[in-house]
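Report on the following structure.
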Amino acid sequence: MIRLAPSILSADFSRLGEQVQTIERAGAHVIHVDVMDGHFVPNITFGAGVMKSLLGKTKLPFDVHLMIENPDQYLEDFATDDTEFITVHAEACTHLHRTIQHIKSMGIKAGVSLNPATPLDVLEYILEDLDLVLIMSVNPGFGGQKFIPSALHKIRELKKMKNERNPNLIIEIDGGITLDNIKEVTDAGVELVVAGSSVFGADDIEKRVGEFLNIFK
Ligand code: DX5
Ligand code: ZN
């Protein structure tokens, strides 16, 4: 099953609870939570406190995307009963194996994200331990950027690795997803689709979520 994870990075922060309820009502599956520290990426968003303010406002699980240095220091903060995934960047983790085991020890699914220029090779000795791999199709830091086409090749290669070595692995894509390119990425093997500006930037958010879900059918 393919799931849609709207990114609240592009939501109206002054009405965050309301907007999350809108996407839930429309049938979105997961809330993508973009955490940026101004060091790993050139932008600052929000921390666990903002995410936790949504607890009780929605039944949707959180998909936490940590674009931060030293993620180990903050993993516990993001581990709530509603947190389904915590994903860290391979480029930000000196001891990636340890970080992944830490996430899993809290009963949360563990993911690794790769920047557009980072090869799949970095997954060689960790693939079997992962629940999810997030392929970045923009350089992380901002919503509303253009999809980088080489991500498609990367997804297809990762799909082969998944089939051979970790059939339960979830492949996620993040960055520049629109109604025009979503079919191509899901056909390539993506099962969890992040969409920020294309969902929250729409005039009718509920309708836009419905349009995405129709393509998954
Ligand atoms: C980018 C973030 C993305 C972003 C996607 O650094 O990780 O999740 O919100 O936004 P769009 O869908 O607008 O590219
Ligand atoms: Zn993200």
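Cβ from N, Cα, C; glycine included.
Every protein chain considered, the tally of other Cβ atoms within 10 Å of the Cβ of Ser7 (substrate binding site) stands at 23. Among the features that TrEMBL reports, substrate binding site is placed at Ser7, His65, Gly141, Phe142, Gly143, Gly144, Asp174, Gly175, Gly176, Gly196, Ser197.
In three-state terms derived from DSSP, Asp34 (divalent metal cation binding site) belongs to an extended strand segment. The divalent metal cation binding site annotation in TrEMBL covers His32, Asp34, His65, Asp174.
What TrEMBL lists as active site, proton acceptor is Asp34. Counting every protein chain shown, 24 other Cβ atoms lie within 10 Å of the Cβ of Asp34 (divalent metal cation binding site).
If you draw a 10 Å sphere around the CB of Asp174 (substrate binding site), it holds 26 other CB atoms from the protein chains shown. Residues annotated as active site, proton donor in TrEMBL: Asp174.
A straight line from the CA of Ser7 (substrate binding site) to the CA of His65 (divalent metal cation binding site) spans 10 Å. Each residue contributes its Cα atom, and for Asp174 (substrate binding site) and His32 (divalent metal cation binding site) those atoms are 10 Å apart. It is 9 Å from the Cα atom of Gly141 (substrate binding site) to that of Asp34 (divalent metal cation binding site).
In this structure the C-alpha atoms belonging to Ser197 (substrate binding site) and Asp34 (divalent metal cation binding site) are separated by 13 Å.
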